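According to TrEMBL, the protein has these features:
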| type | residues | note |
| --- | --- | --- |
| BINDING | Gly218, Gln219, Thr220, Gly221, Ser222, Gly223, Lys224, Thr225 | ATP binding site |
| COILED | 15-122 | coiled coil |
| COMPBIAS | 404-420 | compositional bias 'Low complexity' |
| DOMAIN | 127-482 | domain 'Kinesin motor' |
| REGION | 397-429 | region 'Disordered' |
| REGION | 477-497 | region 'Disordered' |
Amino acid sequence: MPLFINRDQIFAHQVHLLEHKLRSKEERILELETENALLHLRLAEKHDLSELFAVYVSFATELEEQSKQLLEKVEQANSSLNSHSEDGFQLQVRVAALEHSLEEERENCRAERRKRKELHNTLLRGNIRVHCRVRPVLPFDQIQSSTSGSSASSEEVVHAVSDDTVMVNCVKAGMLVQNKMFEFEVHGPEDSQKAVFKEVKSLLTSLLDYNVCIMAYGQTGSGKTHTMMGSQFLDEPSGTQQEAQQGIIPKAAAELFLISEKPAESHTVEVSVMEVYNNEVFDLLARDEHSNAAGQRRDVITTASGASQVPSLTYPVSNASEVMQIISSVLKLRAHCPTLVHADSSRSHLIVTLTVSSKSPNAVALARRLQSAKMDMRRSTQKEWWSPRCRRANLAAHHSADETSASPASSPCSTPSLSPCPSPRNSITQTPFRTKLQLVDLAGSECAGDAKLLVMLCVSPTQRFITESLQSLGFGTRARQVQKEPPRRKNNSLKVK
Ligand SMILES: Nc1ncnc2c1ncn2[C@@H]1O[C@H](COP(=O)(O)OP(=O)(O)OP(=O)(O)O)[C@@H](O)[C@H]1O
């Protein structure tokens with residue numbers, strides 16, 4: 001392109017020169033005319049008109065010749081200028097074609113990425129999917145960095161470079177920047193709640209066949225509550241929230257009632273809300289003797305099959321807004337305490353479980369659970385819990401069919417783990433789990449075996465939290481490598497008693 005402009009300029013310059021020459025010739029003509037007039041005078045003096053005429057004619061011929069030549073040159077310059085414009089037009093057409101094919105390549109690339117993602121989710125990995133959400137730099141990041149006195153700490157170092165790669169700029173004093181790359185399904189700072197849920201939604205279609213667990217993991221202030229509940233949820237006493245603000249739990253609840261067609265006729269849905277605080281489990285739906293909501297401590301019990309369960313209270317619900325009203329009514333019971341990072345930090349792990357039970361007349365006592373957990377990195381000390389727990393949960397999955405078939409077919413409490421008062425008919429051994437409690441004992445079979453698990457890593461983007469962010473990303477990388485047994489569908493036809 002720059003070459004084209006130069007050539008244009010050259011031709012314009014040539015035209016300018018030729019015009020200049022033309023002007024000088026015109027001046028010359030004027031001079032000659034003056035001279036001619038003088039000659040006329042002389043001729044008049046000498047009476048030699050014929051000689052004067054001959055000179056005049058020769059000058060005129062010469063001038064005519066020169067003018068012709070000049071005109072030819074101007075025409076040549078004009079035509080070459082036009083041919084250049086045609087070249088420019090051709091170039092523009094080529095550029096447009098190249099841009100078009102580039103866009104096509106981009107689209108191909110996006111399609112390949114989508115295929116790669118699907119392959120990752122279905123073939124290459126176990127049934128643990130790991131997503132990572134990098135939150136935007138927020139005003140409180142600036143305030144914190146000004147109080148900590150370091151100008152670098154609010155610098156953005158965690159970047160969502162594509163929809164499957166997170167890059168962390170690791171800078172050590174006096175050393176070159178080292179970029180660390182992590183591969184997950186990535187949601188960047190600009191991604192809306194809707195966009196995040198769109199990627200999670202596909203998991204929920206499995207809900208009627210498998211247990212599904214969605215777990216947010218990250219340090220304080222990294223956006224777990226924002227992602228799971230939505231930021232304005234706690235400010236809304238009725239549990240109502242603008243759709244655009246809703247996090248995964250309200251959206252998943254709505255989706256659940258959509259996918260389980262006519263749920264009131266074919267299924268019952270129950271909700272339970274628990275928190276794990278200081279290694280103890282509290283049932284947030286429990287009520288005191290005056291029927292006031294009061295979180296009650298519950299024991300983790302171990303079934304004969306080795307699964308850990310908590311007999312928490314459940315409430316039947318018939319639509320998503322009921323679910324959210326129940327959750328919002330008990331959230332104020334949660335332990336809250338400001339941290340250096342986050343003024344309204346919830347100090348516990350929160351577990352919301354939706355249990356879908358079949359009411360089929362064929363006595364298929366099918367119960368499926370959608371469990372959503374919010375898990376703080378600092379308070380989940382047993383980081384490598386995946387491997388041993390997965391083995392144990394697989395065992396539990398083998399036995400879960402027996403447990404389910406032992407329950408009454410139409411009972412919504414067909415999963416003993418969630419019934420308020422475990423029935424003596426079921427096979428739970430009432431052994432309180434006395435050893436140090438980990439969140440995974442609660443999540444138990446919901447997280448492993450035949451369950452589908454999605455871990456949503458929540459990451460702060462700034463330099464100040466780079467250590468915690470790297471720890472979370474490392475945790476996600478390990479989780480992603482866990483190979484569990486492929487999910488097995490329940491064989492419903494075998495369970496009639
Ligand atoms: N993706 C996001 N977009 C906009 N704001 C966000 C995002 N993620 C988090 N925030 C905001 O950052 C603040 C902290 O987020 P949040 O409460 O979700 O953190 P948390 O991980 O749940 O913290 P804690 O574990 O201490 O409770 C909130 O004010 C929230 O609104």
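Note: Cβ is positioned from N, Cα and C throughout, glycine not excepted.
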Worksheet item: If you average pLDDT over the coiled coil (15-122), what do you get?
Response: 81
Discussion item. Let me check the 10 A CB neighbour count of Thr220 (ATP binding site). How many other CB atoms are there?
Written reply: 20
Fill in: Number of other Cβ atoms within 10 Å of the Cβ of Gly221 (ATP binding site) across all protein chains
24
Item to complete: Would you count the other CB atoms within 10 A of the CB of Lys224 (ATP binding site), including those on all shown protein chains?
Response: 28
